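Annotation comment: TrEMBL describes 7-162 as domain 'DUF7134'. Marked as transmembrane segment by TrEMBL: 20-37, 43-61, 68-85, 113-130, 136-154.
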Amino acid sequence: MPSAARRFALNHPHVVDTALLTFVLACVVSASFFGTWDAREPVAWWPGLVLGVIATAALLWRRTHPRPVVVVTGVCALAAVSVGYLPTMLLLAPVMVALFWLALLDERRTAHLFGLGLVVVMVPIGVLQAPRYGGGFIIVTLNPALALLLPVAWGSALRLRRAFTDSLRARAEHAERTREEEALRRVAEERVRIARELHDVVAHHLTLANAQAITAAHLIRNDPQQAERLLTGLSGTTATALRELKATVGLLRRPEDSDSPLQPAPKLEQLPTMVAALATTGLDVTVTTEGEPGPLSPAVDLTAFRIIQEALTNVSKHAGTPTAQVTLTYTDDILKIEISNKLGHRVATASAAANSGFGLISMRERALSTGGRFTAGPRLDGGYTVIAELPLHF
């Protein structure tokens, strides 16, 4: 059915029903008046007309009660054939329509049983009436069989087509929902990643700035030159923090929002700059490299830098020690990072490290996100050690 005709049928069901019932009624009226002309014995016209009107009226409930409608129209057709009417398609029009709707709305097996049952009952009755018309056995056997089975086949085919179309539509809707859910999931993951970046940037640089400001305030009278150097370093620390914040928050913007390039993500090659900045706060960091440094994937390079940055920030905030050690061990496929410190004037225990907020959680999530491993805990001498093992490529 063309789309325009389908829309009209859906929007004007009463018009379609009226047209269909008018056509079916015209068929049964024609069968009542002209379907017995060749009979050797006279057959009254009114029984066929009455039965045809009853069968046609029953079609009004074909959508809501398809099985009872098939029974009513089938009984009317069998009664008409029993009194002497030929089982032509005109006479069988109501039951044909009923069988079509049964096959369209009900189970295929049910429609087949109803159709075959009517054929099995009607053909013998038609054979008994064949001598009245000079022995037209083909008309009373093949004609009703085709008339009753073709609507079943047609309705079943349309039902299967509708089911297939609905299946395709459901699959398309499911695929669309899946794409939307995947997009939302990626957006959520990106927000978590950016939030972690913001935490690392703010925690590290504000810790440095706070330490530099406190030290400068302490030295402002006794050592003005050293205080001036610290304040100069404080300016550089805050400027670096602002640049990294701008670069990180810039990830939230769309590409068309700004033509200015973003700052590149920090890498291990910037570790000396971090160590120098920490030195201005009074934390002396020793970096040791073992093995042959190999190229790292961008994700691993950033993860390694952030883990070292977060660990040293925790040392500066909680350990109360002037020294820390960073050891980078390269193997064929693993980069092992170990950050450790000894016990200082303040307690550097696991609880102190845990009080660093989301620091340990952030480091662990970063390591796991690249397929690595992460451990952290107190040392026997009272210090603290953070160990991360990252694959060189991810």
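In case you wondered, yes, glycine gets a Cβ from its N, Cα and C as well.
The stretch from 43-61, 113-130, 136-154 that makes the most Cβ contacts under 8 Å with the transmembrane segment (68-85) is 43-61. Within the chain carrying the transmembrane segment (136-154), a Cβ under 8 angstroms from the stretch's Cβ atoms is held by residues 81, 86-89, 92, 95-97, 99-100, 102-103, 111-112, 114-116, 118-119, 122-123, 126-127, 129-130, all 6 or more beyond its ends. For the domain 'DUF7134' (7-162), the predicted model reports an average pLDDT of 85.
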